[in-house]
Amino acid sequence: MSDSTSETVKKAIIKQVLIESQSANARTLMEKIGENCFTSCVPKPGSSLSNSEKTCVTQCTEKYMAAWNVVNTTYLRRIQQEMGNQ
């Protein structure tokens, strides 16, 4: 295999791993939001959510999403830097 073909294959594999990692991270995020926000905001589940429960879940979800975006952006930047150094 030539160096250029090897490099192309390597980049394709890295790209696929990143996509799968992002998908797994999104699933984990949704699980954590469900576990933490719902548990914290809805102490006694009923047939519907009260306005305060809806507000709490919304704010909690937004907080988790913002934190995840910061972590994900930092992670991707680091991966890109490492790819550039190779």
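A Cβ is built for glycine as well, from the same backbone N, Cα and C atoms used for every other residue.
Look at Swiss-Prot and you will find CYS37-CYS60 (among others) tagged as disulfide bond, backed by similarity to another entry. Listed in sequence order, CYS56, VAL57, CYS60, THR61, TYR64 are the same-chain residues six or more apart from CYS37 (disulfide bond) with CB atoms under 8 A from its CB.
Sequence annotations record features per position, and here Swiss-Prot assigns disulfide bond to CYS41-CYS56 (among others). Residues within less than 8 Å, Cβ to Cβ, of CYS41 (disulfide bond) and separated from it by at least 6 positions along the same chain comprise GLU53, CYS56, VAL57, CYS60. In the three-state DSSP assignment, the secondary structure recorded for CYS41 (disulfide bond) is helix.
Positions annotated as motif 'Twin CX3C motif' by Swiss-Prot: 37-60.
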Packing count at CYS56 (disulfide bond) (other Cβ atoms within 10 Å of its Cβ): 17
Per DSSP, three-state class assigned to CYS60 (disulfide bond): helix
